[in-house]
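Residues annotated as topological domain 'Cytoplasmic' in Swiss-Prot: 1-5, 132-787. Residues or ranges marked as transmembrane segment in Swiss-Prot: 6-26, 111-131. The ATP binding site annotation in Swiss-Prot covers GLY203, PRO204, PRO205, GLY206, THR207, GLY208, LYS209, THR210. The annotation Zn(2+) binding site is assigned in Swiss-Prot to HIS425, HIS429, ASP501. The annotation region 'Disordered' is assigned in Swiss-Prot to 616-787. Marked as compositional bias 'Low complexity' by Swiss-Prot: 650-671, 700-709, 721-732. The compositional bias 'Pro residues' annotation in Swiss-Prot covers 710-720, 733-762.
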Amino acid sequence: MNRKNVIRMVTAIAVVVLLGWSFFYFSDDTRGYKFVDTSVAMSQINGHNVKSAQIDDREQQLRLTLKKGNNDTDGSDKVITKYPTGYAVDLFNALSAKNTKVTTAVNEGSILGELLVYVLPLLLLVGLFVMFSRMQGGARMGFGFGKSRAKQLSKDMPKTTFADVAGVDEAVEELYEIKDFLQNPCRYQTLGAKIPKGVLLYGPPGTGKTLLARAVAGEAGVPFFTISGSDFVEMFVGVGASRVRDLFDQAKQNSPCIIFVDEIDAVGRQRGTGLGGGHDEREQTLNQLLVEMDGFGDRAGVILIAATNRPDILDPALLRPGRFDRQIPVSNPDLAGRRAVLRVHSKGKPIADDADLDGLAKRTVGMTGADLANVVNEAALLTARENGLVITGPALEEAVDRVIGGPRRKGRIISEQEKKITAYHEGGHTLAAWAMPDIEPIYKVTILARGRTGGHAVAVPEEDKGLRTRSEMIAQLVFAMGGRAAEELVFREPTTGAVSDIEKATKIARSMVTEFGMSSKLGAVRYGSEHGDPFLGRTMGTQADYSHEVARDIDDEVRKLIEAAHTEAWEILTEYRDVLDTLAGELLEKETLHRPELEGIFASVEKRPRLTMFDDFGGRIPSDKPPIKTPGELAIERGEPWPQPVPEPAFKAAIARASQAAEASHQAAQSDTDGPPGQGANGSHAGDRQRQHGPTQPDYGAPPGWHAPGWPPQQPPDYWYPPEQQPSQSPYWPQPAPSYPGQAPPPYPSYPPCPSYPPPGQSAPDAGKPPAQLDEGVSPSNPPAHG
């Protein structure tokens, strides 16, 4: 309901209430009378203080005009009171005995009042009936509830472009094609391509899905409607389906246009007969959305872009081609993506020379675009808090810590003993990780309390990794158990500070056994399956699909992994106890240590050999032959420069070569049209020249140069002939693709018909350019994606 409708409704209600109050106020003839108890009225009658009286028999009330007011009547000389049923005769006799003027009034009641008593409920019922009828009428639902809440972006709003999006180049390229189709449909229609009807953006929160949609809105140049999935469903039945219909009606009236539905999982969750039943309001909304996206109705020129964090719970009918033709993953940015994101968000901000954005990108593995934007913004806020003029490297470092662990707890006062335990605990983590061979180096260790932690050690990977080996996961276990081992080794008793470390180690060990099949005893088997209900939006837990004996074996294997890591951490700390004491002392003095300082402390620490107790392949003997070397490794061995990456996928190069061959053939055919006339146009020898021009007239087998009245037979002007192709010649690109002879493919709805491409006498943009000279990632069928 918009603001204008609310104002109208409130005004109408106020007018009706005011009119009703005015009617009853001005029709009341008891104004001016003071209401008193019946006993007070009787005392005035008995005291000969009544000048005149009026008995209202219908209302059972008595009006008295007194000779003089007194304390009982609060000084009023006009009073009114009620009397019991059947007491009117006694009142009349009492007043007559006092020689008081008595008037008896029997009110018949007003006709308007009678009508209001009977007609008002009837009008109320009729109004409710009309309102519910309009609610069932689709978009004209009562009070505007069925109207779509989609907002159409205006031209005055600040625009986001693809240049403002970084770190998700693949998604930008896919969406750029949508924008290019809307602005330049001819190139696609000539090939018979159809624009995708729907695009689904899915990925973790903060990766830039909504930002991509805003960029499309800023660059498309067509009407853009935006709505949230939660705006469809309300408390009234039928509201969601009505709003879906109204949204697509608006879109069709403004086609070509784009609709963006954010958080579509609020309305597009998988249907079922469990919770909610088949008549659930959300299911009705989803069914209407499915019909509008791809049903019997016409949906010309309407593109639906949706975003979600949970593609796994969406209904399969919503994800099929024809509804969401293109599903684009938007994942966390890699190293190059993080660099680009930091450059975008630091643009326009005064960054100091000592601020290393490239190093910051390396230290923020796993952060999303939103996290990186928050880091830069937090650094700017910290600089402004200290009245600084430029954002420095330490400010960015502090901002990273604030985003990861929360603000520093400055007001927390801890004892010297607890601070010492924290220093040894974090030192145990750091030393255990430094001595393990398959773990990322420790970048920073601190005992400053942040959020719910009393300190932390940060291990930063030097490069992005998509795979983890068993040795790396065991090293992570040793790293996690280093704090508990230090507590037991130095203070001879554990503390509660290792609760998060134990939880992390248990999770890693259990996933190694039950998910990744890294236990030789249990084999490469996945134990436990997730089960739940899609209505809840998440799984309801893990179902144990194995026996009690297997469960006991799983617990034994998990315990064995953690105990081995605990023992390894203990041995490392025992061997380098002096180094641990030195590290703890430095932490107590400086509170935070970085990698250069740690390298000086750990100069005597050597890498431990890998744990081999779990290298059991069940009787299978691994090969002694090493794997082959990559081209980069071979180039390093030979002292050669690093090999260049593959410039573009094979299909792009193939398309470019075929397009150039087709263009060359077309130019050769055009040059032959200006040559000297040869033999007849209808003989068998003339067919070769005609084929070079494309299909014109069929060859009827007449002798060369032979003519006769009515020969050759004439065909209708728009008669269609199948194209003929030379054995060694590719067809001219692009070729028409009619659905049947005599009819060319219709242009895309709401667009003007396309001119031929390339125009006669002109060459394609890349004609005559060998494949090696084509720009990397650019081909006639793949325009560059800006930003």
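Each Cβ is built from the backbone N, Cα and C atoms, and glycine gets one as well.
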For the recorded ATP site, whose residues are GLY203, PRO204, PRO205, GLY206, THR207, GLY208, LYS209, THR210, find every other residue on that chain with a C-beta no more than 8 angstroms from the centre of their C-beta atoms, and list them by sequence position.
ALA307, ASN309, VAL330, THR368, GLY369, ALA370
For the Zn(2+) site given as HIS425, HIS429, ASP501, which other residues of the same chain have their Cβ within 8 Å of the site's Cβ centre?
GLU426, GLY428, ALA457, ALA480, MET481, GLY482, GLY483, ARG484, ALA486, GLY497, ALA498
Would you say which of the binding-site residues THR207, THR210 has the most Cβ atoms within 10 Å of its own Cβ?
THR207
Go ahead and report the DSSP secondary structure tallies for the compositional bias 'Low complexity' (650-671): helix first, then strand, then coil.
22 helix, 0 strand, 0 coil
I'd like the number of other C-beta atoms within 10 A of the C-beta of HIS429 (Zn(2+) binding site), please.
28
Among HIS425, HIS429, ASP501, these being the binding-site residues, pick the one whose CA is nearest to that of PRO205 (ATP binding site).
ASP501
As a test of reading the model: what is the averaged pLDDT for the topological domain 'Cytoplasmic' (132-787)?
77
Non-local Cβ contacts of ASP501 (Zn(2+) binding site) (under 8 Å, 6 or more apart, same chain)?
HIS429, ALA480, MET481, GLY483, ARG484
One residue among the binding-site residues GLY203, GLY208 has the fewest other C-beta atoms within 10 A of its C-beta, namely GLY203
Within 10 Å of the Cβ of LYS209 (ATP binding site), how many other Cβ atoms are there?
26
Cα-to-Cα gap, THR210 (ATP binding site) vs HIS425 (Zn(2+) binding site), nearest whole Å
42
Least surrounded, by Cβ count within 10 Å, of the binding-site residues PRO205, HIS425 is PRO205
Near PRO204 (ATP binding site), how many other Cβ atoms are within 10 Å of its Cβ?
14
GLY206 (ATP binding site), number of other Cβ atoms within 10 Å:
19
